[in-house]
Amino acid sequence: MICPAWRVGGVCAIVGGILIHLTLGNLYSFGNMMTYMVSYMHQRVDPTITYANILWVNSITTMSQGFFMVLGGLLEKQAGPQLTCLLGCSILSSGIILTRYTVDVSLFAVLLTYGLLSGLGISLAYTTPLSCGMQWFPRHKGLVNGLIVAGFGLGALGSTTLQTMYLNPENKPPQSDGYFVEASILNRVPSVFVLLGVIFLVMQVVGCFLLKKPPQNMVHCQQESEGLLAEEVTSDGQELHINTPNITPSSSTTSFTTTTSPCSNLKPREVIKHRIFWRLWLIYFFNTIAIGYINAMGKSFGQTFIKDDHFLAVIVSMAAVFNAGGRVVWGRLMDITSFRVAMRMVTSILTVLFATMPLTVYLGKGGFTIWLWAIFFTFSGTFVLMPTAVEKTFGADHYSANYGLLFTSQMMMSRDWSVTERSGYARQTAQQVRGQGAHLELSASVK
């Protein structure tokens, strides 16, 4: 029996997923929070702590997220979506609150709370809302995923705004070396973690309460399997017969010819045997190299030629709007076209934007703003196209665990990116805190 396109329970599940992802999206505010965190620790804890060191916090978050996401998928199968999400959210919020104390101890302690615990919490809570949403609305998987992960992208808007208004309400600029030294700013740094953690926990409890899967008799009994990149071959050599969208110029609807695929509902140990999984893994890996750079260093790069902290905070916050909106747009685009078309557009546009990013130094505030917003709008497509592709290709039964396998690419990307960035900073003086050029060399055309 195919689920109706509209269910109150489904709407509640989507709203709950958005609330949860809004809190998980605090990850994208690290570029803003980093400037205050490193200033506090550099001045009051250890003068050897610099921007080069603090980058490890974001990297540990991403690496632990990739490492533990498979665990989140397996836990969901045993404990259910609500308990799994609540556990992950509690770990995330606890890690943020505990940073109020570890920020006065050492960088290693911060790595454990704001880095490791945050990544673990995100990994447990990330995929379950997506899985629930797609089961309620199986004909609009891209759009549903886009709406939910839009919360992740939009989360930085609230976090960045709150951080800046609370920590630097008078819009005081950093010193020429990139660090804040005003006592009024530094005194507030520890307490901002408690404020953020408590707000997040309240939102998470409400979101987990709303998050439910549809009744078993309402779930699609026959899984879709779309040709995302190319024809795929099963382990016994049989070609998969897959359904593809049939779109005509005179029709605004998309029809499918559904066939049963032997690739439906594969377990994680079966997924890793398919070439299509490793193609998706490589695309994800290369895309997120660029994403990790702009997330952590976007504001710091802007500070090298824009001496207005409030302006930078505002445009970084507004970038979250483009991040969120882009996810909905890319998800809908995949629904009406295909993964291949949408991903080719994402990678091509990102390549051009990153190759020309250094020119914004000569274009001032306006040019930097346009480039930053365009990058956030474009890269957001990666995080809606990939989860939808995994579910449509390998089925819903083990979706969370399978997507967790794909997310291991984040772990590798984060390690390599951190080493590269840290080495680059070691060659610079603290008076030249600036972003470095990023090169995105992707091929969206996979044979």
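The backbone N, Cα and C atoms fix where each Cβ goes, and this holds for glycine too.
Taken from TrEMBL, the feature transmembrane segment covers 7-28, 48-71, 107-126, 147-169, 189-211, 276-298, 310-330, 342-364, 370-390.
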When counting Cβ pairs under 8 Å to the transmembrane segment (48-71), the leader among 7-28, 107-126, 147-169, 189-211, 276-298: 107-126
Recorded stretch, among 7-28, 147-169, 276-298, maximising Cβ pairs under 8 Å relative to the transmembrane segment (107-126): 7-28
Positions whose Cβ lies under 8 angstroms from the transmembrane segment (189-211), at least six residues beyond its ends: 12-13, 15-20, 22-23, 26, 36-37, 39-40, 81-82, 85-86, 89-90, 92-94, 96-101, 103-104, 114, 125, 128-129, 132, 159, 162-163, 166-167
